[in-house]
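Here is what TrEMBL records for this protein:
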BINDING   Cys2, Ala3, Ala4, Pro5, Gly6, Ser7, Lys8, Asp32, Asp59, Asp88  S-adenosyl-L-methionine binding site
DOMAIN    1-117  domain 'SAM-dependent MTase RsmB/NOP-type'
Amino acid sequence: MCAAPGSKTAQLIEFLHADEDKVPSGFVMANDVDNSRCYMLVHQAKRLNSPCILITNHDSALMPALVTTDNKDPTKTKPLKFDRILCDVPCSGDATLRKNPDIWLKWSTGNGNNLHG
């Protein structure tokens, strides 16, 4: 979630391909709600040349339930569950406020709203 521009996604793909003798059984699904940021993700993924990445452009709060073919019975499907989810959410700036108390004098709710349209 919030995967663009893609450096952490690239690290996950490289980790997935750590055993270079075979194609990994898993994959990385990278999602970002912003369409233009997804283009950055695609550009980053092309450099990796991996068959194990899926890029989606969706609001992660409304992500649909995904299904996959059941290995035991190919005529049926089963829910696709993730081993791990990494959500690199946009910065709130609160660490900067703690490090630089002078910012508090100029801070307003409008400042925070400007960060997250």
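Positions of Cβ are set from backbone N, Cα and C atoms, glycine also.
Mapped onto DSSP classes, the domain 'SAM-dependent MTase RsmB/NOP-type' (1-117) shows 45 helix, 14 strand, 58 coil. With respect to Cβ neighbours within 10 Å, the binding-site residues Cys2, Gly6, Asp59 differ, and Asp59 shows the lowest count. The local packing around Ala4 (S-adenosyl-L-methionine binding site), expressed as other Cβ atoms within 10 Å of its Cβ over all shown chains, amounts to 25. In this record, S-adenosyl-L-methionine is bound by Cys2, Ala3, Ala4, Pro5, Gly6, Ser7, Lys8, Asp32, Asp59, Asp88; the longest C-alpha to C-alpha distance in that set is 20 Å.
Annotation for Lys8 (S-adenosyl-L-methionine binding site): same-chain Cβ neighbours under 8 Å, separated by at least 6 residues, are Leu86, Asp88.
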